[in-house]
Amino acid sequence: MSSPDIVGILENTKELDRLRKDQEEVLVEINKMHKKLQASPEIVEKPGDISLAKLKNLYIQAKELSENEVTVSNILLTQLDLLLPYGPTGQQRRKLGVVAEGNDQKRKRMKVDSDVIRLSPSMRNQIEAYASLKGEQVAARVTAESADKDEWFVVKVIHFDRETKEVEVLDEEPGDDEEGSGQRTYKLPMLCILPFPKRNDPSNTQEFPPGKHVLAVYPGTTALYKATVVSTPRKRKSDEYLLEFDDDEEDGALPQRTVPFHKVVALPEGHRQ
């Protein structure tokens, strides 16, 4: 291995470290903005507020840093491949021929594991959280970004792909379908999935205060709609919220409906209904 080769590899490893540190800093700022908007969502309606524009720029930075990290990682892999000896010989070659299929599976696992290692700690934790959702019901947005309205439904997680970061879900009750197509599956990005609070752990569940806008399962359906909190489970001494759903007007007024706390989640930023 020549000195120039070593120098090039070391320079790229330093660049990789810098990119990861920059990503950590950007993610910290993104989390700060999320907390700010969750605490005071009405702030975006104030004249001159640039919170959403700032958040968008932060996501653009995060995306660029992530793409640069992938580029540098690929360069490093190429540099290392060029320095490694070509192929095994003798006993090694015969052994690899016997276990080629097993090694292929191992390489696939290693690729997924290395992808996770390159991610920030917060993103790794998020990926583990989504991987643990298999078999559970979640809220899923099944409409495209370009759609006029967001449609959210209760679905069941059947698989999480760590490599593509996609969640495969099953809509067990697709609604009234004249063709009777039955259950339907979707592959959705993580951003389209909202985990529900744990039914058996109400004490560790975030409670939304009166007046807060939320996304909740409409009684008797598997669809979620925007609603306003009227009363909390704690105040009602029960496990249900008292909510008023948008566009649910009856006789000139919005009826108040009860919804279990484990079917209520935070309203996504930019929700369209």
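FYI, residue positions are counted from 1 along the chain as it appears here.
Each residue, glycine too, has its Cβ placed from N, Cα and C.
Record features (Swiss-Prot):
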- 128-273: domain 'SGF29 C-terminal' (DOMAIN)
- 220-223: region 'Histone H3K4me3 N-terminus binding' (REGION)
- 245-248: region 'Histone H3K4me3 binding' (REGION)
- Tyr218: site 'Histone H3K4me3 binding' (SITE)
- Tyr225: site 'Histone H3K4me3 binding' (SITE)
Residue counts (helix, strand, coil, in that order) that DSSP gives for the region 'Histone H3K4me3 binding' (245-248): 0 helix, 1 strand, 3 coil
Assigned element (helix, strand, coil) containing Tyr225 (site 'Histone H3K4me3 binding'), judged by DSSP: strand
DSSP-assigned states of the domain 'SGF29 C-terminal' (128-273) in counts, ordered helix, strand, coil: 17 helix, 60 strand, 69 coil
